[in-house]
Each structure stands twice: as structure tokens, then as C-alpha cells.
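Trainee: The following feature annotations were taken from TrEMBL:
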{"type": "BINDING", "residues": "Arg100, Glu217, Phe264, Glu265, Gln266, Met267, Glu268, Glu371, Thr372, Ser373, Ile374, Gly375", "note": "substrate binding site"}
{"type": "DOMAIN", "residues": "177-414", "note": "domain 'Aminoacyl-transfer RNA synthetases class-II family profile'"}
{"type": "BINDING", "residues": "249-251, 259-264, 331-332, 375-378", "note": "ATP binding site"}
Amino acid sequence: MAQEDIFKKLVAHCKEYGFVFQSSEIYDGLGAVYDYGQNGVELKNNIKKYWWDSMVLLHENVVGIDSAIFMHPTIWKASGHVDAFNDPLIDNKDSKKRYRADVLIEEQLAKYEEKMNKEVEKARKRFGDAFDEAQFRATNQRVLANQEKWDQLHTRFSNALNDSNLDELKQIIIDEEIACPISGSRNWTDVRQFNLMFSTDMGSTADGAQKIYLRPETAQGIFVNYLNVQKTGRMKIPFGIAQIGKAFRNEIVARQFIFRMREFEQMELQFFVKPGTELDWFEKWKETRIKWHRALGFGDDNYRFHEHEKLAHYANAAVDVEFKFPFGFKEVEGIHSRTDFDLSQHQQYSGKKIQYYDPELGESYVPFVVETSIGVDRMFLQVISASYCEEEVGTASGEKDTRVVLKLPPVLAPVKMAVMPLVKKDGLPEKAREIIDELKFDFNCQYDEKDSIGKRYRRQDAIGTPFCVTVDHQSLEDQTVTIRYRDTMEQDRVPIADLKGIIGSQVSYKQLFAKLN
Ligand code: ATP
């Protein structure tokens, strides 16, 4: 199936099964804003818990906060967002569609990469076991020609971004003959900078009102609380502050479902270190974070690191963790060495001394910061895309059928166990309820008595429920039930008393945490 079709199916599935709805749908929606439904919110909360506990519970020197979305407007001046939180935009004059100039060029780079990979895959098939990929890449003429194009474009692009040279960005788009996907034309406007922050007014009187911003990242809430947390928590460097919260960006192009939203949620850690040690910590956090992703079991090959073409104004090292979405490798998380930029700026703009007295050195300094920043919604999309499967299965009457199943890691599944009475009489519903009442404090359970057992299994497969328990007449006699496993569809007869142990061990966060050491 084409990757585009898979993506469309994912979006439709998310809606049909109560994961993600378009915001304000009955009013025809609001661009790039989404709501999470009854299953979506559970999955999202589980992702957040996995992140939060892996940071705050597993690291003695990391604590959490929850800062306000509204902050003093000078914060955004100090952080550089008022002057520099821009994206370069370009319009196609025929389709009137707006694009990010940097994204158009990145897509062109990806096209060259794709061409090279296709050649490699063709050759791999031809040569079989004897295939030497490194040698092929170093000698094949078509691969080399595309590699040269990629290298040239990459250098030009990096230089243009680093020099904020908007004319050059436009020239690259023209030279590379990049066309608008809608109109097919190359009739482009000039490239302009566009600030991504939303603003609003705070205060009741028109002349007393103050222009404030909706935060475009949660990080600044951590920086301005650095002193509060360090002092009240008696924290010693190195230490970190974690936060999960909403962020807002007036994105120019927002066409990829929850990949790029105007209101989204971030999970950020700012880790404060001694100056000069930041690059070691940067490497450590890179390793820690990739392990966190890989522990979910979506396949190590589906992740890669991507070095930034242009370092942000505050960074001395930066890398993205990219995941292979149905529309290609894209960023899910950024890891940045932010130097002492933010704390120094706030020190300057607030006039308050923001420093750490290091008892070992016997001196004070402004700490350096390593940040890990991941979008909850992009992580959600990663989990859904990696888990969505269509499988051919046999039916009871011997025909072939397709089942849609979300092979979610059991820890993240919205519902852990569905309990189903075989029939709606003879005391079976009561027995099923009894089981739920016993286990509902341990994990999320759902009762389902409608339709045939087969249909009920499919409904649970579609939302990723790892265990279905069926109560039948035998259950009343010997206190056993059938447990059906989502991925293998195998069934076992087990004592009701064993359910807590069987399911509990599979849905515990310890399962994932054990892989993080
Ligand atoms: P991009 O290059 O895709 O715009 P970014 O580099 O600006 O992303 P950061 O500022 O590093 O992103 O933000 C950290 C994380 O926040 C990203 O890795 C992503 O997961 C998430 N994020 C950023 N912007 C959005 C958005 N508009 N919608 C959803 N998630 C977002």
C-alpha cells in the first residue's frame, strides 16, 4: 500500500475509534488544531507518564514543575523569540498556497536521498548475499551523481540558513526547479520572515492592557524558575527540571495531521551543568533519549539522528531524533546544548543574579544547559503509525478476512483488559462485572456485551486492547475464564485469580524502565 494511503487510513482510524478529532468539527474545524477523544486521551496520558517517570522517578537529580502559560512579556524579548522566532515563508502565486522555504528545500534533499536508496535496494536484490553496500555507494555512477547533487545543495542550504539569506533561499528553490505540488508551477513570491508567536492582551482597560504571548515552548518557564527550584529543592549541579505543558505556534504550513499543530504539548527537560561539561552531557542525553524511544520496540532502524543544518541562536550543539513516519523520516525530538544563553539573558533583562555557587570550585557561575524537547503529539503519531497493522485472518466459516489491529505496547494501550460475557444472561454479565470490580483499581478495564464475540474482539483490536477475557458458563462453575492475546489471537483458559498477575506484569511501566539501564 502506498505510504500516503496508509497515512490517510491512520487519520480515519484515529477518528473512527475515538483517538483524535478535528477541533470545532461541527463548525468545519479550525486549522491545525485537534482534540483527543476517549481513547486518545488515555494513550496520550500513558505516553506522558512514560516520559515523566523516566525523567523524574528514575533520575534522583531531576525534579518537575508546572509553570503558567502566560508569562511576563519581557521573557520573550530576553529569550530572543520576539526578534528571531521566525520561519522563512514563500507563496506560490498561482495556487495561493503558502510554504516554508526551508521545508521545500529539505524535501528536495530527501528526494535525492530517496533516489540513492532506490538504486541501493535494486542492487541488493540483484546481488543477494554478496552485496557490499558501502562499495556500491562509493562506485555506482547514478548514486555518485545524486550524492554530489545532495552535497552541493546541502552546503548551499546550510550557508543560506546560517546567513539568514532569504534571497538565496528563493534562488535555491528556483535553481532546483521546485514546483508547487498543488499548481505545479514555479511562480514564487520572495521569501519573507514570519514570527510564529501568538499574542493577546491582558488587562481590562484598553490603555492599561499589556501585550502578552502564548508560550511557543515550555522551556522558558523552567529557566525563569531556575533559582526558585535550585534554592527550595537544595539542588546541586548537575540537576534537571522537567515539565510537560502546552505550547503554541502560528505554523505557516500545517497539513500533516497532529505532526504540526498550532496548539500542541511538549515534554521538556532542562539539565543544568558546569560550563565546559555540556558536550559530555549532550552525548549522555542523546544516548538516554534514544534508548527511551527504542524501548518501545518499534524497530531500531526506524530511528536516526539528524544534525541541524543551522544551529539556533542559543545552541552550540543540536541533534534531532527522527522517526520513520509513513511520510518519511521526520523529527520527533530535539536535543540541544543551549549554553548559558537563556539564564544569562534573563539575568541581564531581569537585573537579578542567576548563578550557582559551586562549593567544589569555590566560585559562582551561570550554569550551562542541555535540553531534551519532545512533542507529545508527534510521539502519539509515532506510536500510532508504528502500531497500526492490517492482517489477513481466517474466519470461523473458513473465509479470509482482514483485521485492523493496533499493536500498541501494552503499557501504553488505552484499555488493558476487556471483559465480555459470552451471552447477556444466566448470570454471566454479573460475573464479568465482578471481575472488573476486582481489577479496575489495577488497570483500565472495559465491559462489552454487545454483538458477537468475534465482533467484540475486532473492536478491541482496533483500539489496541492487549487482553480480552471471556466469561462463559464454565466460569460460574470453576472460576476460570478464557484470555485472548491481541497479537497472536491465541486463547488460554486461566483461573480468574491469575488475571491480575498475568495482565499486571505485561502492562507495568517496569517493563519499559527495565530496558532503560
Ligand atoms: P520543526 O522543525 O518540525 O518545526 P522544531 O525544530 O521547531 O520543529 P523544536 O522547537 O525543537 O521543534 O520543538 C521540540 C519538539 O516539539 C519537536 O521535536 C516536536 O516534537 C515538537 N513540536 C514543535 N513544533 C510542533 C508543532 N507545530 N506541532 C506539534 N509538535 C511540535
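A Cβ is built for glycine as well, from the same backbone N, Cα and C atoms used for every other residue.
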Trainee: Of all the binding-site residues given, Glu251, Glu268, which has the fewest Cβ neighbours within 10 Å once its own Cβ is left out?
Mentor: Glu251
Trainee: Give the helix, strand or coil assignment DSSP yields for Arg378 (ATP binding site).
Mentor: helix
Trainee: When you tally the Cβ atoms that lie within 10 Å of each candidate's Cβ, which of the binding-site residues (Arg100, Arg249) has the highest tally?
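Mentor: Ranked by Cβ atoms within 10 Å, first place goes to Arg249.
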Trainee: Should we count any of the binding-site residues Arg100, Arg262, Glu268 as near ligand 1, judged by a CB under 6 A from one of its atoms, and which?
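Mentor: Cβ < 6 Å from ligand 1: none of the binding-site residues.
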Trainee: Could you state the whole-number distance in Å separating the C-alpha atoms of Val376 (ATP binding site) and Gln266 (substrate binding site)?
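Mentor: With distance taken Cα to Cα, Gln266 (substrate binding site) is 6 Å from Val376 (ATP binding site).
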Trainee: How many whole Å apart are the CA atoms of Glu251 (ATP binding site) and Glu268 (substrate binding site)?
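Mentor: So the alpha carbons of Glu251 (ATP binding site) and Glu268 (substrate binding site) sit roughly 20 Å from each other.
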Trainee: What does DSSP say about Glu251 (ATP binding site): helix, strand or coil?
Mentor: coil
Trainee: Using DSSP and collapsing to three states, where does Arg262 (ATP binding site) fall: helix, strand or coil?
Mentor: coil
Trainee: What's the CA to CA span in angstrom from Arg260 (ATP binding site) over to Gln266 (substrate binding site)?
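Mentor: Cα of Arg260 (ATP binding site) to Cα of Gln266 (substrate binding site) measures 12 Å after rounding.
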